[in-house]
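Everything on this sheet refers to the single structure shown next.
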Amino acid sequence: MLLVRRAVALGALRKAASEASLREKAKLIMRPDDANVAGNVHGGTILKMIEEAGAIISTRHCNSQDGERCVAALARVERTDFLSPMCIGEVAHVSAEITYTSKHSVEVQVHVMSENILTGNKKLTNKATLWYVPLSLKNVDKVLEVPPVVYSRQEQEEEGRKRYEAQKLERMETKGRNGDIVQPVLNPEPNTVSYSQSSLIHLVGPSDCTLHGFVHGGVTMKLMDEVAGIVAARHCKTNIVTASVDAINFHDKIRKGCVITISGRMTFTSNKSMEIEVLVDADPVVDNSQKRYRAASAFFTYVSLNQEGKSLPVPQLLPETEDEKKRFEEGKGRYLQMKAKRQGQVEPQP
């Protein structure tokens, strides 16, 4: 009987240890250098925190069994909503949990809470879902297999598989749009796409990279958010904040020494929001064997604020070319789809 009890206790401990390895928590205090122009925590800073938490837990899980060692690389970030602003001096509580694994990828869900350490009040500021793939340390072009997780319910695995298939399909569709290039226009008119479009050129240095010489996904996301913010500010000429990020797709790795160009352009405006497409192109200037390539792409949504932090109407975008008009209609479709989804979530259940 004693042996049976010990076996049961050992099994329970192993299960608890396994479940604990699927979760990660971190706390950081927000400092003045984390602030945006409006005085709140920069959206790019929050995106970077989210990605770092996901990278830690997914890399740990992918190395939880004997075999070839690897590092988890960010492949995609699902839609991320900025539910509430985070203030300087507050503590960010970042929690990450592995919710699904396929043969070659890991799904991580991340929640960010802000805590006012003077009052003890906490609020949810961000929710995000990220996908990682394990890359071999011996050959970073080799994708390894992911150790499976044990689900408490069969429905969890089935729901995760549906999410995996959906994001895989969307990634393939996004790759088809990778030929787009943002070109500058002389003397553009106000409220046009050309008037607010912006680019940032950045030389990838060691501080941007992992120990293996590739750019952190969080670094790329922060730069993308900065460019999107410049586009939004140029368009409406007010304080602006990130409201949400549609899926960010990472199409290829960016190596140390590359020159990356992050370009942003307005695609759609509603009464109180702006959608901005951001494209990241990498130019391996020290490697003549490789041409310039598209590394990442995403859509950011911003809102305009007055001095009191209240939302303002947004100047309406004036698309000029056929491509701009097409992108405007596509953005309108995404906006209406998300609006209908939000309304469906708040409707009372019969």
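Every residue, even glycine, has its Cβ placed from backbone N, Cα and C.
Residues or ranges marked as active site in TrEMBL: N36, D225. What TrEMBL lists as compositional bias 'Basic and acidic residues' is 323-333. Taken from TrEMBL, the feature domain 'HotDog ACOT-type' applies to 20-138, 194-308. Sequence annotations record features per position, and here TrEMBL assigns region 'Disordered' to 319-350.
Across the residues of the domain 'HotDog ACOT-type' (194-308), the predicted structure has a mean pLDDT of 93. Secondary structure of the compositional bias 'Basic and acidic residues' (323-333) per DSSP, as helix, strand and coil residue counts: 11 helix, 0 strand, 0 coil. According to DSSP, the secondary structure content of the domain 'HotDog ACOT-type' (20-138) in residues is 24 helix, 58 strand, 37 coil.
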